[in-house]
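Per TrEMBL, these features apply:
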COILED    3-30  coiled coil
TRANSMEM  84-105  transmembrane segment
TRANSMEM  149-169  transmembrane segment
TRANSMEM  175-193  transmembrane segment
TRANSMEM  200-216  transmembrane segment
TRANSMEM  222-241  transmembrane segment
TRANSMEM  303-323  transmembrane segment
TRANSMEM  354-375  transmembrane segment
TRANSMEM  404-420  transmembrane segment
TRANSMEM  465-485  transmembrane segment
TRANSMEM  497-515  transmembrane segment
TRANSMEM  592-611  transmembrane segment
TRANSMEM  648-668  transmembrane segment
Amino acid sequence: MHSNNLEKRLIELEQEVSILKREMAQLQNQIDPRTKRVEKAEIIHTEMKTVIKNELLKQQPVQKVEVNKTPLQEPKKEMSIEEMLVWSLPKVFMIMIVFGVLWGLKLISDYGILANGFKIALAYVFSLVLVGLAYFMEYKKKRQKALYITLYGGAFIIGILTTAAGAILYDVLPLFIALIVAILYIAYGIVISYMKKSEVLTVFVAFTSLLLPYLLEYMAFGETIILGFIVLLFACLQIVIWKHRQIIALYTGLLFSQMAVLIVGFMNNYQEIAFGCTFLIVLGIFLYSWIRFYEAEQKISTLYESLLFSIGMISLFFINLIAVNYTSFFLLVYMIGFIALGSYAYLKKQRRLIDVFSTVALVAVMNFFVQLEVATNLKEFLLPFTAFISLLLALRLRASMMKVTNSLIFTIIVLFVFLDSSVEPFWRFENINQLLMIVYMLVLFKIANRPKTKLGRFEKAMQEFAILEIVPILISFYVFAYIAKVDYGYFHIEGELPYFLLIVLAVTTITVLLIKEKFIGRFLPVVFLFSFCYSMVYVLPVYDISDQVVAKNIFLRIVYVVIFSYILYSNYKGKNYFGKWQEILRKSVEPIISIGLLVNMIAVITLLSQIHTVHYFGERFLYTGHTIIILITACIALWISSKGQQKFIRYTGYSLLVFGIAKLIFFDLSYLDLLIRAILFISIGGFGLWLSNKLLQKEDL
């Protein structure tokens with residue numbers, strides 16, 4: 001049927017084509033023959049394709065497109081502060097009701113109005129009334145969900161507390177009956193939490209249910225049953241937590257479970273094996289649930305990773321606290337567990353989890369070796385190394401709270417190591433450990449100063465307040481404090497200057513100026529310049545020094561003069577050693593150069609005077625030397641001013657020149673013989689003429 005239709009259409013098409021041929025023939029004289037053939041062929045080809053395509057579409061059956069009727073999930077709206085307050089008010093009021101009931105029962109007990117059994121029965125009735133009221137509200141949908149869930153939780157709390165009071169305080173309920181009632185209430189709490197999907201309710205159940213171990217202890221149950229109940233309860237809560245992904249309930253359940261283990265265990269001096277194994281099993285259940293929930297793409301995954309690291313370190317601390325005789329065994333289990341978790345993260349290619357698990361495992365390994373007492377100095381090494389690794393992990397994870405806490409811990413440990421350690425003898429481990437602190441700090445600063453593609457809020461705050469600019473200053477402070485200890489331990493002579501420290505400061509100052517700003521920050525060069533200038537106050541004066549430090553003193557003065565001269569020269573040439581401070585210095589270059597020349601002149605004069613106090617060479621040479629230094633400084637100032645329009649420097653040069661010539665004529669001539677006078681005046685006069693010529697040429701220009 002369809003093939004016959006197709007043949008008919010083709011015949012019609014051929015007829016139309018023949019008509020087109022005749023029409024095109026009439027335009028033969030107007031159109032190029034080659035163009036004509038091409039256009040005709042294109043028209044025929046297009047018509048053929050259209051016809052065939054239409055016929056094929058007719059032959060194909062019509063396909064029904066299924067419409068996805070699943071409603072789109074609307075994004076969750078963030079709750080405002082007012083909505084959060086309204087949502088939390090039922091919980092607060094329910095807690096108030098619970099306390100009111102407890103205080104009411106206490107008041108009734110004090111006045112003896114009702115018997116103890118009747119009070120307990122009344123509390124149970126009140127609990128059941130709350131359950132009925134909550135069910136009625138839910139069934140009739142009379143109120144919001146938050147209200148009837150709060151009523152369910154309040155009924156659970158009142159029931160558990162009533163059972164504990166009836167068995168322990170009032171001795172009304174038989175212990176076995178109280179145990180059954182408590183278990184029923186716990187089962188009710190878990191079921192309600194599972195059905196109502198409320199994380200707050202799960203937290204209530206976790207907190208209140210863990211009061212049962214104290215009832216079991218009162219009933220003189222064995223430690224295995226009590227600890228087993230804690231593990232069983234925490235495991236049962238995981239069913240609710242897994243089903244509804246209740247992260248806060250997971251952390252809360254771990255907290256209360258471990259608290260129950262620790263409190264019950266310490267109060268009864270349980271055996272270490274049962275005590276420690278329960279602690280590790282609870283931690284293992286938590287880690288399994290945590291891994292199930294973890295998603296690296298979550299916005300707050302960094303917070304979860306930081307909390308995981310903190311939980312791992314706190315658990316390690318409690319393992320050391322729990323176990324005395326079996327510490328090595330528990331640490332070995334703990335270490336193997338985290339190594340296994342690190343291997344799992346490696347297989348899943350979760351780099352951030354590898355960092356967390358491997359760091360905790362590394363700390364556990366170090367703790368394990370400390371317990372084995374492999375070396376006496378190992379503890380002194382492991383404490384700061386652990387703090388270093390922890391802070392390094394925080395920087396890699398870019399975890400804000402982890403950075404703050406671990407930075408404080410690392411700072412305290414560094415101060416403790418520095419204050420508690422000596423540098424003598426040099427190859428003692430205490431001294432090596434102080435040097436390792438410098439290595440740790442440099443590595444941490446290098447990691448923290450890496451460029452980042454996107455900054456978080458904490459990192460933006462650090463950048464705004466220039467925290468990373470201060471870190472190099474703190475590192476330098478520690479380094480020079482250590483150098484001071486070395487100086488006073490090995491080189492210092494009592495009553496003399498710390499020559500080794502001052503020389504290192506001068507050399508480090510010029511080194512810092514040569515390092516790029518991106519490696520050391522903006523503020524470190526300024527701090528070193530101020531420190532260098534301040535130290536010159538102690539270097540410049542002339543002292544009565546012992547023969548042991550003569551060479552050191554002269555060498556120190558020469559070093560300071562040379563470095564100070566180079567700094568002045570760098571500032572004059574405009575070399576970009578000062579980073580962003582260069583613009584500020586350029587605006588004040590004339591006063592800086594003038595003051596610097598005066599300071600340098602004084603430094604050279606005091607150097608000459610210090611040499612004179614040690615190796616006496618006559619006063620005439622001393623005074624003449626002072627005059628020559630003044631005149632040379634004046635000439636340098638005038639020569640610098642001849643290169644530009646530095647009037648302030650020129651006035652400084654003129655003033656020094658007048659002062660030097662006056663000193664030479666009125667004070668120094670009496671100390672000099674004719675030969676020295678002639679040589680001195682010819683030299684100074686010749687140089688002065690040359691310099692005057694330069695200045696005059698500058699004026700003519």
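Numbering starts at 1 and runs along the chain as it is shown here.
Using the three backbone atoms N, Cα and C, a Cβ is placed for every residue, glycine included.
Whatever TrEMBL says is automated annotation, not expert-curated.
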Within the same chain, the residues 6 or more beyond the ends of the transmembrane segment (465-485) and with Cβ under 8 Å of it are 414, 418, 422-423, 434-435, 437-438, 441-442, 445, 448-449, 498, 500-501, 504-505, 508, 520-524, 527-528
Under 8 Å Cβ-Cβ from the transmembrane segment (592-611), and at least six residues away from its ends along the same chain, one finds 536, 539-543, 545, 553-554, 557-558, 560-561, 564-565, 567-568, 571-572, 585, 617, 622, 625-626, 629-630, 633, 636-637, 640, 646, 648-649, 652, 656
Three or more CB pairs closer than 8 Å, sequence separation of 6 or more: does that hold for the transmembrane segment (200-216) against the transmembrane segment (149-169)?
yes
Across the coiled coil (3-30), the model's average pLDDT, rounded to a whole number, is 68
Let me check one thing: do the transmembrane segment (222-241) and the transmembrane segment (175-193) come into contact, meaning three or more Cβ pairs under 8 Å with sequence separation of at least 6?
yes
Using a Cβ-Cβ cut-off of under 8 Å, list the residues of the same chain that are 6+ residues beyond the ends of the transmembrane segment (497-515) and lie near it.
476, 480, 483-484, 486-488, 491, 524-525, 528-529, 531-532, 535, 538-539, 543, 549, 552-553, 555-556, 559-560, 563, 566-567, 570, 577-578
